Every structure is written in C-alpha cells, then in structure tokens.
Amino acid sequence: MKKDKTERTKQSWRKAQNAPSLSEVNNSVAIPKNAKFFRKLFAFMGPGALIAVGYVDPGNWATSIAGGSEFGYTLLSVILISNILAVLLQSLASKLGIVTGRDLAQASSDHFSKPFGFVLWILAELAIIATDIAEVIGSAIALNLLFGIPLIWGVCITALDIFLVLFLQHKGFRYIEVIVITLMVTILVCFGAEMVMSHPDMQAIAKGFIPQSEIVTNPAMLYIALGILGATVMPHNLYLHSSIVQTRQYARTKEGKKEAIRFSFIDSTFSLTIALLINASILILAAAAFYTTGQHNVAGIEDAYKLLNPTLGSSIASTVFAVALLASGQNSTLTGTLAGQIVMEGFLNIRLKPVVRRLLTRVLAIVPAVIITALYGANGINELLIFSQVILSMQLSFAVIPLVMFTSDKQKMGEFVNPTWLKIISWAVAIFIAVLNIYLLFYTLTSL
C-alpha cells in the first residue's frame with residue numbers, strides 16, 4: 001500500500017527532475033540526528049531569516065511611513081493581518097519544497113505547458129528585477145544620506161555587493177544566513193532606538209492592532225492599507241523559500257519530512273515575527289514623529305530622514321534611520337539574487353554560472369535606476385520605487401495560485417496534502433490577494 005502511494009506521487013509529475021534546486025548548496029547544512037529539540041531547531045534556523053528580509057525591504061518602508069504619518073497608529077492592524085497571511089503562504093512554500101524536493105519554479109515548469117511556463121518565468125523575472133530595483137534605490141538613498149554620495153553613483157556602487165554574495169556562497173550557505181541575520185538585528189535595533197526617542201503613545205499602539213471600520217470606509221486609508229498588504233507578500237519569496245529549505249540534510253523519509261516541516265514552520269514564523277516588529281516600528285515611528293506633530297504628508301524615505309532630527313530633537317535619529325535603510329537594502333540584495341538563480345534554473349533548466357546570473361539580474365535593475373536618476377533625480381527615484389511595487393503586485397497571484405494548487409493536490413503531496421480546512425483558507429487568501437492586486441493596479445492606472 002505504501003509503495004502504491006509512492007508510485008502515484010511519482011507519477012503526478014510529468015518528467016523526472018534533472019537536478020536539485022540550487023544544486024551547489026542543496027543538502028549542504030548538517031542536521032544532528034540524535035540531538036535534543038533546541039539543537040535541532042538551531043540547525044534548521046536560517047532560511048526563515050532570508051525570507052523575512054523580503055518583508056522589510058525598502059519598498060515596504062514607503063507604505064509604512066505614509067500610513068503612519070497620515071493616519072497615525074490605525075493601520076497597525078493591517079500590518080498584523082499581512083504578517084498572518086505571510087506565515088500561511090511561506091509555510092505552504094516550505095512544505096512544497098520539503099515534500100516534493102522541487103521548488104515552486106520547478107513544480108510550475110513540470111505542471112504547466114511550455115508556453116505558459118515561459119510566461120510564468122517572464123513574470124517571475126520581472127518581479128525579481130522589480131524587487132532588485134527597490135533594493136538598489138534603497139541602498140543608493142542610504143549611501144547618499146550617510147556619505148553624500150550622489151544617487152547615480154550610489155546606484156552603480158550597489159553592483160559591488162554581487163561579489164559579496166558570491167564570496168559568501170563559496171564559503172557555505174550558513175555564512176549567507178549569518179550575514180542576513182546580523183543585518184536584520186541591526187535594522188531591529190535601529191528602529192527600537194528610534195521608537196524610544198519618539199516616545200510613542202502605548203495605548204494608541206495597542207488600539208492600532210485592533211481592526212477599525214474606518215480602514216474600509218475611508219478611501220484614502222483603504223488605498224494605503226491595500227498598499228501595505230500588497231507590498232508585504234513578495235512573489236520571489238515563495239520561489240526562494242521552497243528552494244532554500246532543501247539546504248538542510250534532513251532525512252528524505254516520511255518522518256524526516258514531518259520533522260523538517262515542523263522546524264521550518266517554527267523558523268519562518270519566528271523570523272516573520274521579527275519582520276512584523278520592524279514594519280510595525282516603522283509605522284509607529286512615523287505616527288509618533290510626524291502624525292502627532294501635524295506632518296501628515298511625508299512623501300518618501302528622504303523626507304522622513306530630513307524630518308527626524310528636528311522632530312525627535314536628537315542629532316543621531318536620522319543617521320540611525322539611514323543605517324537601517326542601508327542594512328535593509330543590502331539584506332534584500334543577498335536574497336533577491338538567489339531567487340533569480342532559482343527561477344531561471346527551475347523554469348528553463350538553464351544553469352548559468354552564479355556570477356553571470358547575478359550580474360544579469362543586477363544590470364537589469366541598475367539600468368532603469370541610472371536612467372531615471374540621471375533624467376529626473378530624487379523625485380524620479382521615488383516614482384520608480386512606487387512603480388516597482390506595482391509590478392510586484394501584478395505578479396503575486398501567478399506565484400500564489402500555483403502554490404495553493406500544488407500543495408492541495410494529493411497526487412503531488414501524498415499524505416502531506418493540505419487538509420480541507422487549510423485548502424479553504426488557502427484558496428480564500430489566494431482569491432483575496434488576486435482581487436486586492438487587481439484593485440491596486442486599476443487604482444494606480446486610473447490615477448496616472
């Protein structure tokens with residue numbers, strides 16, 4: 001009986017897998033076999049941090065700053081709901097990778113026709129380039145704020161971090177995870193310090209985590225709320241997570257997969273909770289520093305930087321803010337380039353040298369950023385940042401819907417298939433995200 005189940009699971013894929021996802025690091029991180037719970041958990045920790053990076057990239061900053069400065073603490077509940085959706089989707093992505101041994105790109109390539117698979121690849125690449133644009137812009141703005149480096153040169157300098165990724169991956173996947181975790185802690189500490197300096201209203205913060213009807217009835221508030229939701233769940237993260245969970249040397253047996261799914265869920269939930277704290281801190285800072293002082297129209301990251309020192313009365317407030325921004329941009333770079341490699345290998349089975357793949361992704365992100373900066377300066381950069389988030393919104397459903405399809409398919413997942421209650425919730429979330437992003441796209445196009 002068990003053998004029959006295995007055969008049916010194998011037959012649900014149209015073709016054999018050519019190579020594992022991210023083959024150079026696949027199954028490379030040792031898991032102690034007879035260790036106690038916390039030692040095993042420590043070995044599994046890491047992929048969640050790489051995923052959480054996508055939830056605190058520079059693209060998220062703009063929506064949180066706008067929400068806090070214009071509406072105070074009210075939209076904290078939206079950040080909380082977004083995080084709950086993220087935990088659900090990331091748990092599905094990691095389960096897909098652990099159970100099937102395929103990442104989301106490989107699974108999509110196998111399931112769909114070649115023409116449709118090619119379309120999905122193009123959309124995934126556009127999402128990764130859009131993500132990289134946000135990271136390039138965030139890092140360039142941070143370099144400008146900290147060191148006075150012109151934006152156009154800051155954009156070009158960001159190309160150098162490709163070599164950091166290559167060096168770390170050569171040293172071992174754990175090194176990438178350690179750097180990412182260090183930068184995440186840096187961002188959290190920076191915003192923790194900013195919050196202390198801003199003296200927020202704790203009672204208003206607690207109330208902000210309770211959803212208010214005003215979020216739906218106020219069109220301006222609803223638009224920013226949808227922007228927060230749309231910018232939180234990143235499509236490239238679903239491809240990335242389904243791949244990097246396979247870096248662990250868990251037993252590829254029923255019990256081994258069950259254990260890996262459990263530890264992966266703890267890892268990603270913990271890391272996404274840190275991301276929640278960071279995003280909430282950004283909104284709280286904007287509410288305390290700007291909303292309560294009557295500055296309701298803080299247009300972007302640079303405006304927030306300039307206003308922090310005089311508003312909080314501290315000479316280091318803006319510097320700490322810029323350091324956090326630089327850490328955010330660099331962190332996102334590390335994960336975005338890995339995602340690019342995953343989708344190209346998964347959809348097209350093209351295995352470029354890592355340096356070529358990373359240079360390709362970065363060049364495609366830097367070129368539009370350089371052109372816009374040269375022609376329109378800082379205002380153009382902010383517009384490009386917003387446009388990159390629109391591109392991400394358009395692509396998200398093309399990653400979420402296949403993910404829910406595959407994890408709800410008994411032939412593909414066997415006994416690990418989503419139970420009925422999870423299928424219902426997952427499809428409801430997928431439909432909600434699709435409707436949300438159609439609305440966001442329509443609103444953006446009609447307001448041009």
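Heads up, the Cβ atoms here are built off N, Cα and C, so glycines get one too.
Among the features that Swiss-Prot reports, compositional bias 'Basic and acidic residues' is placed at 1-10. The feature region 'Disordered' is assigned by Swiss-Prot to 1-20. Residues annotated as transmembrane segment in Swiss-Prot, with sequence analysis given as evidence: 41-61, 69-89, 117-137, 147-167, 176-196, 215-235, 270-290, 307-327, 363-383, 384-404, 424-444.
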For the transmembrane segment (215-235) and the transmembrane segment (363-383), check the count of CB pairs under 8 Å (sequence separation 6 or more) and say whether it reaches 3 or more. no
Hey, does the transmembrane segment (424-444) touch the transmembrane segment (270-290), meaning at least 3 C-beta pairs closer than 8 angstroms, sequence gap 6 or more? no
Counting only CB pairs under 8 A, let me know which of 69-89, 176-196, 363-383, 384-404, 424-444 has the most with the transmembrane segment (117-137). 384-404
Select the range from 147-167, 176-196, 363-383, 384-404, 424-444 that forms the most Cβ-Cβ pairs under 8 Å with the transmembrane segment (69-89). 424-444
Taking the transmembrane segment (384-404) as the reference, which of 41-61, 147-167, 176-196, 424-444 gives the largest number of Cβ pairs under 8 angstroms? 424-444
In contact by Cβ distance (the transmembrane segment (147-167), the transmembrane segment (363-383); 3 or more pairs under 8 Å): yes
Counting only residues 6 or more past its boundaries, what in the same chain has a CB within less than 8 Å of a CB in the transmembrane segment (176-196)? 46-47, 49-50, 52-53, 56, 165, 168-169, 271, 274, 277-278, 281-282, 284-285, 288, 308, 312, 317, 320-321, 323-324, 327-328, 330-331, 334-335, 338
